[in-house]
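What Swiss-Prot annotates here:
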MOD_RES   Lys11  N6-acetyllysine
CROSSLNK  Lys11  SUMO2 cross-link
MOD_RES   Thr18  phosphothreonine
MOD_RES   Ser22  phosphoserine
DOMAIN    40-124  domain 'PNT'
REGION    154-262  region 'Disordered'
COMPBIAS  158-174  compositional bias 'Polar residues'
MOD_RES   Ser213  phosphoserine
MOD_RES   Ser238  phosphoserine
MOD_RES   Ser257  phosphoserine
CROSSLNK  Lys288  SUMO2 cross-link
MOD_RES   Lys302  N6-acetyllysine
CROSSLNK  Lys302  SUMO2 cross-link
MOD_RES   Ser323  phosphoserine
DNA_BIND  339-420  DNA-binding region
CROSSLNK  Lys403  SUMO2 cross-link
CROSSLNK  Lys421  SUMO2 cross-link
Amino acid sequence: MSETPAQCSIKQERISYTPPESPVPSYASSTPLHVPVPRALRMEEDSIRLPAHLRLQPMFWSRDDVAQWLKWAENEFSLRPIDSNTFEMNGKALLLLTKEDFRYRSPHSGDVLYELLQHILKQRKPRILFSPFFHPGNSIHTQQEVILHQNHEEDNGVQRTSRPSAENVHQNPPTIELLHRSRSPITTNHRPSPDPEQRPLRSPLDNMIRRLSPAERAQGPRLHQENNHQEPYPLSVSPMENNHCPPSSEPHPRPSSPRQEGTRVIQLMPSPIMHPLILNPRHSVDFKQPRLSEDGLHREGKPINLSHREDLAYMNHIMVSVSPPEEHAVPIGRIADCRLLWDYVYQLLSDSRYENFIRWEDKESKIFRIVDPNGLARLWGNHKNRTNMTYEKMSRALRHYYKLNIIRKEPGQRLLFRFMKTPDEIMSGRTDRLEHLESQELDEQIYQEDEC
């Protein structure tokens, strides 16, 4: 009995399995292409063979996608029938399940489903983070994880050198060759148009690699004439801890760099947090530039300061994968359970964050100074939900305390005041009268503003 072409194809696949070509090869598998792969390693590649609508991140799967993934896994791995009713959830909920949860919902196949999901997550993660940089067919602007915003033309270009073959991918990591052309604010020379086949990748990150120091800029035209040529130096890009990139199905020949011995390594570390760094003249962000010594070891380099105006002209907005910075926000002045102005002033004096607005001159004598009257008025306005509060309006409320001998202005001193009573002594008095006076003062201010 002769075999049909379909049966021959299935038989051939069982004998020798060849992973399908993909524009983004799997990072998890280190087995060379076109080599028979054992059954134990097939799970590393099987997620690529998922149906097209399941090739998204599992967190974006709908409930129907989860059910179809269970059905696909049951057929692909010859598992026992899986009750899809025990997995009535979307992809986000599926990722919350532990291995024990999978075993509880599917006693016979739960461990396989859990491991398969972990392999899918492992393969999808580097595909999003690194594919725009290492595969020329992909566009950076289509990836939501990496945003490179550029408003000015850059003089630094990135050219990819020749890709390694599948045999020497571990020995010779691919490099990115950065070509630096010096800039002069006075003279501009004509630059030849780049080779369209090279397709340089331009980004604001290029300027962070090499930047002329202020001393070098001060040398003027002499430095411009000496450095008016491109200086290539290679950078070895390592997206994984194995320090290599996966091979591509189609090699792209490029002229190799003449300085291969001085390769610099950039370790791309994925981070769960993509925190935006908005670079503007009010913020100074220092990026550490690692340098390689002659023996190949990393040494900490000097920070590259990005607070200069000319640097900011080339780097406006960069999405950098870093941990969130510590919060140093200016306090807005809202204090709970604080209705009266004297109590509010006492609370501010007890908080060191407000020393730029008000502070003690002599705490024993209860003498305080208003450092920033307009800023203090804004804090009081924020506390009272009065955005148009001014120091003149706030000082009217202070005058009521003069009459009640609670606060006194120091004679001959500007913006220097003294508390005549302690908070306990003030609270034991007629606080209801104080609240009435301050409320009346605010009502009069609102009425006057409405009349205007």
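Each residue, glycine too, has its Cβ placed from N, Cα and C.
What you are looking at is a predicted structure, and each value in this text was computed from that prediction instead of being measured.
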Could you say whether, by DSSP, Lys421 (SUMO2 cross-link) belongs to a helix, a strand or a coil region?
coil
What mean pLDDT score does the DNA-binding region (339-420) have in the model?
91
Per DSSP, what is the helix/strand/coil residue tally across the domain 'PNT' (40-124)?
60 helix, 0 strand, 25 coil
At a 10 A cut-off on CB-CB distances, which of the recorded sites Lys403, Lys421 has the highest count?
Lys421
Please report how many Å separate the Cα atom of Lys421 (SUMO2 cross-link) from that of Lys403 (SUMO2 cross-link), as a whole number.
13
